[in-house]
Every structure is written in structure tokens, then in C-alpha cells.
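Undergrad: Here TrEMBL flags 19-463 as domain 'Amine oxidase'. The feature FAD binding site is assigned by TrEMBL to Ser20, Glu39, Ala40, Val245, Glu439. Look at TrEMBL and you will find Phe352 tagged as substrate binding site.
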Amino acid sequence: MSGDTVTYTADVVVVGAGLSGLVAAAKLTEKKISCIVLEARDRVGGKTYSKPVLSGGSSTEAGAAWINEHTQPHIYKLVQRFGLDTVTQYAQGIDILSDRSGIIHTSPTGASFLEALDKDGSILNIMQELSAQSSKVDLYNIKQGNANFEDMPLSEWLEKQGLKRGTDEWAFFRAFVAALLGVEPDEISTLYWFDYIKSGLGLESLGSDGPEGAQYRRVRQGNQTVSIRLAQELAPDSLRLNSPVRSIEQQYDGFVLVTTYGDRKFRAKKVIISVPTPLYRSISFSPPLPAEKAEYVNSTFNGDYAKVSLIYSEPWWRNLGLSGIFTDLNGPVCFSRDTSFEQDKQYSITCFVVGEICRQWAKLSTTQRKDTILDSLTRMVGEKGARFVRTYLDVRETNWMPEIWSLGAPCPVPGPGTWLRLGDSLRTPFQNLHFVGTETAFIWKGYMDGAVSAGERGAQEVIEALSTMARL
């Protein structure tokens, strides 16, 4: 059955109602520039997806989870603007890690497991080298500014630093890379990894739950609320859900025709594309994207990333003096956090399953997946806590790889050898097309703050371009 024969018009069409696209649309709307936002899903928010908890007024985060008022000003400004409440990430008590041999190690929260795992000092040395090399990266001029870097697979670089596969030291770095991007060291380039570290303000920032860390604050009403509020500020009927884009045609008269899979047509002067680059491959572009951009897009993929939230009637781990931070180097609990909201009497631990471990875990049945999570936690908490692990009220699982409008999380990654040659093409406009999304951010790519700043950048590009057109 064909869709409308009417062609809808606006100054700008935004493809994707995730955080970045909605920020762009809101900024344009403020400037009295008409927008239509097309979203493939039946909801807004993209990879911000807050699932309400039946027992209270709060939610669990299936997607992006944390913000920081000190280091992430763009997202925090929106949280403040919408009057949302934030809580500090619980980080008290004892962390637990199970190494490759199944030996259990404990450490006070805020310390590290280096003493237990770093038998020859190689982890500390490599961390120092990672910090040193990433600080030299030019985030803004990729090809010219980073010509001295050899863009080899990260696994090759780690081996050159003396790290050996099959060791706890290797497993530690594999876990760290997978925790941030859902990929394995063989799959990511060293230069992109350096760039990602610098984009996130350094290793300490990326790994920390403290006041300067990436995992510091959580939004009580749910991070998706920011997108919902942004959508409510748009002009009536400007948001179209269930509208995946099939084609984008830049026409000879200077306009752009966007067609959805429902055969609805939208005509605009400019288009802002705010979907992950792997999804560009599902859109027919006419004329085709420039060769460098097309090659870059064809090289990108998202990581394997899943979250399992276990909801309880009480925070039993806190009662045992535990932080809720569990790490099993054999998986499936690659890492976890206490994601409770005490004021709502919502007590939960959210477990992250990432990288190759996630790929194998995803092949299991629903019951098997849940049981392996519970088994992993049971091994780590020992006899004192084992009886509490299975007293959950509810289990919430989200795996982002099967999501057809995401194809993984948290942020698309280019294959080895691609970033240095082609990374500059990622953000470059193509005629009347502009490109946003968290992966296009200079600072905090892969995070909500990066999504917001990228959306602001794309909107400003369009505002300036339309102003120039008006003067011609």
C-alpha cells in the first residue's frame, strides 16, 4: 500500500530523533527555521532509552547512563534546563573481580586491581604510554595533525608494548576496550583508540566514577526524558515517528527530496543526518556520497553491547559492604554498577555484556542468558551473598546489536587503517547534507555530551548556510 502522494516541505529535514538530531532541530526551531524530524522508531531518544520500573517512579537505563556537571557541560545544561534531578553514582564499599582462572580479588572502590593483575608492571607501563600518546593526538585535523602515528590495529600495538595474549594483563585491556566501545583490540585502530581517549578527557576520566569521571551522575527521571522534552518543544506535527528514510536525492533546483519506506516525501533546502554511519548504508543517496565518505561509512561498525538490570527489593550488596561493581574477565558480567534510586526505593545492579563475550552470550536462549549472569554474580559474591542474587523482582535485558535502527552500541568505530586516511570526511558536509551524531563529536564522542555538541554544530552549519543562501 503506497503512502501519501503529498510532498511535505520545510526548510530542513532532520533524519533521526536521537539526542543529536533533536538538539539540532530544537536549535533551528529557536531561529524560526522550519523543521521536520523523521524517526524510524516508534519513540524518540535513539540510544537513550529509559525503561520505567513498575515498582516506583524511576527507571533503568537500557542505553546511555551517566553525565557529569563538571566535564560535560552540553548535556548537563539540558538536564538543568528541564529541571531533572540527578544522583551521584554509588561508589562505596568493595569491588570484586574474577580473573581468568576464576580467582576472586577484592579492592576498595576507587582503588584498582593492578596489584593483583599487573604481575610484571606491564599494565601500568602501557597505561602511561596510552596517556602519553593520546595526549599528542590532534582531534580536529586528523590526517595532517596525526601523520606521525602508525594506524595499526590496537592489538598489534599492545603486542609491541610487550603484552601477551592469553594473560590476565591482556584480558584487562581487552575488557577495558570492550567496556568503552564493545569491540575487541583486533577490530579497532590504535589511532582511533588514542583519539577516543583524548575525546573523553583521558584514561582517568573515562574510567572514573568520581567528580571528574564519566560515570559520576545519573538522571532520576531517565536520560531519555531529555529527548522527550526536546521533542515537545518542536512545532506541532514536525516529528514523524515510524518513518525510516529510504532515499535522499539532491535535486537540480537546489532542494533535497527525502523519501521514507512508507513512500512519504519531504522536500527541504537542507538535510541533517543524525543516524549512526552504519545505517547510512540502508539509505540510497543521489548523487552518491563522495568516495572518501562512502569508503569511511562502509568501514564503520558498532560494538556488541548489552545491559541486564537486576531489580531487587533491597540493596543486599550494600548491606554486605559491596559497591555493586563486579568484573568477571571470563564474562558474561564484563562489568556492573549499582543503578539504584534510593528515593524511589528502586534497587538494582546493571550488568554490561560487551565485545566478543556479548556475541557468544547472545547465541544463548533468554533463560540461559539470564542464568549465566546470575551464575557469574553468584561466583563473585561467594557464600554470604549467593542466596540474595536470585531474589530479584525483575530482569531487564537490552542487546543493542539486534536493534535494526542501531546495529550495536555505543558509537560506530572505523576499521584499522581508516581513521587516519578518511576520518576527516566524517563531519564534512556534502552539498546540502550535514552530518551529526555522537560519533561526529570532537569531545566526548560516544557519550550524550558529544551527541549534544554535535547536534549544535550541525545546526549552526545549516543556519550559516541558509543565511548565505538568503543573501544571494
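The backbone N, Cα and C atoms fix where each Cβ goes, glycine too.
Mind running through what each feature is packed against?
TA: Residues belonging to the domain 'Amine oxidase' (19-463) score a mean pLDDT of 96 in the model.
The number of other Cβ atoms within 10 Å of the Cβ belonging to Glu39 (FAD binding site), over all protein chains shown, comes to 27. According to DSSP, Glu39 (FAD binding site) sits in a coil region rather than a helix or strand.
In the three-state DSSP scheme, Phe352 (substrate binding site) is classed as strand.
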Undergrad: Say we define neighbours as other CB atoms within 10 Å of the CB. Which of the binding-site residues Ala40, Val245 has the fewest?
TA: Ala40
Undergrad: Could you give the Cα-Cα distance between Glu439 (FAD binding site) and Phe352 (substrate binding site), in whole Å?
TA: 21
Undergrad: With a 10 Å radius around each C-beta, find which of these binding-site residues (Ser20, Phe352, Glu439) has the fewest other C-beta atoms nearby.
TA: Phe352
Undergrad: Measure between the Cα atoms of every pair in Ser20, Glu39, Ala40, Val245, Glu439, the residues the record assigns to FAD, and report the largest value in Å, rounded to a whole number.
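TA: It comes out at 20 Å between the most distant Cα atoms.
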Undergrad: Could you measure between Ala40 (FAD binding site) and Phe352 (substrate binding site) for me? Cα positions, answer in whole angstrom.
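TA: That comes out at 26 Å between the alpha carbons.
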Undergrad: Could you measure between Glu39 (FAD binding site) and Phe352 (substrate binding site) for me? Cα positions, answer in whole angstrom.
TA: 27
